[in-house]
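Student: Per Swiss-Prot, Zn(2+) binding site is recorded for 351, 402, 532. Annotation source Swiss-Prot lists domain 'TGS' at 7-70, citing sequence analysis. What Swiss-Prot lists as region 'Catalytic' is 253-555, and the listing cites sequence analysis.
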């Protein structure tokens, strides 16, 4: 073979660590993994070629950056769980012929599939489906990708698969696409872009967790479907570890702790998804609001208040009404005494109200930036199956701020908003925070407001601010709001789960729609840029996540009851009451337990109530004029004078440590 032929038959691949390997042209991801090591080949699920996720057995035909994908990565887990959803669908089809399938994606913690079936699934069905999935896995069925013309795919899903849901996707969502891809596994096939596992045999353990109700395409006017959730793993060991984490998650469930610690309640008489804050929970929320208000005051924010409802024309102008119409409560229709009709909406967003505040008077460039802020309650008609205590509610309060600035001030203001968000998360103990730059999808420009040029500038500004702040980020194409790109902050809690909480959004669109302006140094009108900013996001969601992150063990400054005085015997009650009074006067949230119970029981109940400080008072303490301090989960801390204790607690509270 000539040197030229050898060069043509060999390609250079670059691995993530920078290593360059020469391999034969046409080598697959599996071949490359095997050339690195058998262990990696055994663990390989897929491959990325120049950053694009691809099936493991797809050939690599030219020089490329290559990364072998395993279950250790989020991408690997997504691919594994997506394939598991296909295996579950095949199992359901084999057990319950005639079942049809809607959407079946991977999720953050597993997968689900929406199933249309005459059979009403029960708990025992889940166990049967699990066994069938493991049986399919043992068959070692290869997953085969097939590309076909969209018109041929319509014919296939109409006559062969008899699946009206996939036909609808092909005729609607994919109507502008010429070629689509299918994945076959034995007699089962599904419409899918992939990639997928090379074989069903990679699935070694599975747990189907629950069933909920859903609607086809999330539209309550469409067919009702049954959503089956599950998770799968490449080993039994990983499943056992997952089950252990789930048990811990149950212990930390904010709905459970919210009841036990008397933080909030949910009542069907009030309405689904409308949480009510009880006194202790209200303390937590109030302290968080005070914390942010104090910090915002230092940073030049101006507080405002707006109504809970607004004229529907306001939200049509902003675009929120058509954009959020599927998740809004129906309009309220009002007729005045002259018969004139007006329609109002429960407020879905605070921003249109703030824009009108800005435009209520002439603004100068010398006035900018203007930073308006509000803890504003908004309402979304979430599907009942999606409601989840505080973290997914129909009525919730946003720590919403809108910053109106000149284009020249924009990057500085984004940086300031990022800094505030990082400060909030750091204070509240969220040390692991991922940052996503949520960009628009250029292939779906009609989904967004504004021109392509406006979006290009907005995304450039967001990147510049993120780079200036030195934050690590990843890009989320298609994750932007309809009016602009976002910086989304995703925290990892104590159980390793990810929650999208705070956000910073850039908006060139709303200033156009609301004709916002300021007078520049040249005496002419100019258009401001708007930043939407919410470190907490939703107060309810944030507190729900915080409850689970801390397991209800709040820091002293945030605890609903910061201390409890525990007299050992009745003869020291008077001394205990003087301590209680002194702590109250110092601004400490303190209770006193004068029940005729043994001190051990009082301490145990205070520990269960997660009260940070237990102040033990007996004859010895009374005689010495001191107290004995016990800290929650830490035990005995020694003796202190009352003034000394107050100084220690006030310092810890003021520093919010």
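Note: Cβ is positioned from N, Cα and C throughout, glycine not excepted.
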Student: For residue 532 (Zn(2+) binding site), what residues in its own chain, 6 or more apart in sequence, show a Cβ-Cβ distance under 8 Å?
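Tutor: Spatial neighbours, sequence-distant, of residue 532 (Zn(2+) binding site): 351, 400, 401, 402, 481, 484, 503, 504, 505, 507.
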Student: Just how many other Cβ atoms lie inside 10 Å of the Cβ on residue 402 (Zn(2+) binding site)?
Tutor: 25
Student: Just to be sure I understand the packing, how many Cβ atoms besides its own are within 10 Å of the Cβ of residue 351 (Zn(2+) binding site)?
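Tutor: Result for residue 351 (Zn(2+) binding site): 24 neighbouring Cβ atoms inside 10 Å.
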Student: So which other residues, same chain and not among 351, 402, 532, have a Cβ within 8 Å of the centroid of the Cβ atoms at the Zn(2+) site?
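Tutor: What remains near the Cβ centre is 349, 350, 354, 355, 400, 401, 505, 507, 510, 530, 531, 533.
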Student: List the helix, strand and coil residue totals of the domain 'TGS' (7-70) as derived from DSSP.
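Tutor: Split by secondary structure, the domain 'TGS' (7-70) comes out as 17 helix, 28 strand, 19 coil.
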